[in-house]
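*Asks:* Take this structure first; my questions come after.
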Amino acid sequence: MWLELVLASLLGFVIYWFVSRDKEETLPLGDGWWGPGSKPSAKEDESIRPFKVETSDEEIKDLHQRIDRFRASPPLEGSRFHYGFNSNYMKKVVSYWRNEFDWRKQVEILNQYPHFKTKIEGLDIHFIHVKPPQLPSGRTPKPLLMVHGWPGSFYEFYKIIPLLTDPKSHGLSDEHVFEVICPSIPGYGYSEASSKKGLNSVATARIFYKLMTRLGFQKFYIQGGDWGSLICTNMAQMVPNHVKGLHLNMAFISRSFYTMTPLLGQRFGRFLGYTEKDIELLYPYKEKVFYSIMRESGYLHIQATKPDTVGCALNDSPVGLAAYILEKFSTWTKSEYRELEDGGLERKFSLDDLLVNIMIYWTTGTIVSSQRYYKENLGQGIMVHKHEGMKVFVPTGFSAFPSELLHAPEKWVKVKYPKLISYSYMERGGHFAAFEEPKLLAQDIRKFVSLAELQ
């Protein structure tokens, strides 16, 4: 017992020394050109143009013909979702997609919010911009940039947007009313893909910062999960004076002494200040971290090395694309869904919502360019980019959803984000928080902004 206390005290001192070395620095803003060919000498067109999602008979006919040629491989007996997407359940998805899913109706739903495009660094950047339908007298809306990840899209935010822009109509306080901007990452959905190598999270952060200033915002809030978390983090590192607050539901925590401490075992976890909830979500460590990462990172290795190869297959087969993406919406929502014959997909999402996200990738042909984002960010290795070793010095809020791929305790988050002012253990939910639990996420964003406004 005494030995454990002494060791824990020594570890605590080392951790305190490590955490207290707060060096405030900013990420260089830089510039870039990602369009085809050389950057033209003429000034880039900075106009903002309305955009509408459209479809055609030819597009739908081609989709149906490809779906009709779906060739299923029988799953192994009792395999459920342990081998990936179960082809027996895929038959149900395919039948619904072919016979009941109404893409024209879904296009109308996509167009319920105003869409725009604008040229930034040689690329046509797509975004939706939703203003409050009503405001309390004498109040102005708070601008909020929300950034998606992979294999999601701007559509993930469709259910949370009204809770932020029109809270009173949805039973929430109108103390904070937001003006929401949701861009598509370059190479995702309706944003043009780069013609050149190297467009990573830092370049995306700069592009989205330019978008916000082009829209007239000098100070704003930002929120993200998955790649959106890293993009927003980079923006906070790059232009901290413009970011009023950063809210995340996933953290890219660089390897540090602190993140290694759970290896000491569950008993030391309590000595080191981990809460009971942290211990519940981290242990058994081998199963919940090591084995989980091994099971769920196969796609990452492919996309961070040779994304174009698998992309050839996915861009040619809508059913293959659906299997590849929807498997993530199963396991990343809750890992236990691997035990179910249908992957639990319809427990949290409708088939319409899931297929709209697939259709955004399919109709734009952007699965390959979206996968390349892994190569651009991870292809050179880990801890080789300047931003990975930098801390973030803007007010930060964090939503810890219990079924996220890897739990990030408050102590880990605070190492990277010393100005963490809000950390919430969420009641339920997984990786696709805005899509799965929009009300819970909206409430936590509002809680964080209330604290950030006092800073």
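Any Cβ shown, glycine's included, is placed from N, Cα and C.
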*Asks:* Swiss-Prot annotates one residue of ARG98, ARG255, ARG295 as dimethylated arginine; which residue is it?
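*Replies:* Swiss-Prot records dimethylated arginine at ARG295.
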*Asks:* So of ARG295, HIS431, which of the recorded positions has the fewest other Cβ atoms within 10 Å around its own Cβ?
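*Replies:* Ranked by other Cβ atoms within 10 Å, the recorded positions ARG295, HIS431 bottom out at ARG295.
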*Asks:* Can you tell me how many other Cβ atoms are located within 10 Å of the Cβ belonging to ASP226 (active site, nucleophile)?
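*Replies:* That number is 22.
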*Asks:* So how many other Cβ atoms are close to TYR374 (active site, proton donor), meaning within 10 Å of its Cβ?
*Replies:* 20
*Asks:* How many Å separate the Cα atoms of ARG295 (dimethylated arginine) and ASP226 (active site, nucleophile)?
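*Replies:* About 18 Å separates the two Cα atoms.
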*Asks:* Across the topological domain 'Cytoplasmic' (22-455), what is the average pLDDT of the model, as a whole number?
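*Replies:* Mean pLDDT, the topological domain 'Cytoplasmic' (22-455): 95.
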*Asks:* Sort ARG295 (dimethylated arginine) into helix, strand or coil using the DSSP assignment.
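*Replies:* DSSP assigns ARG295 (dimethylated arginine) to helix.
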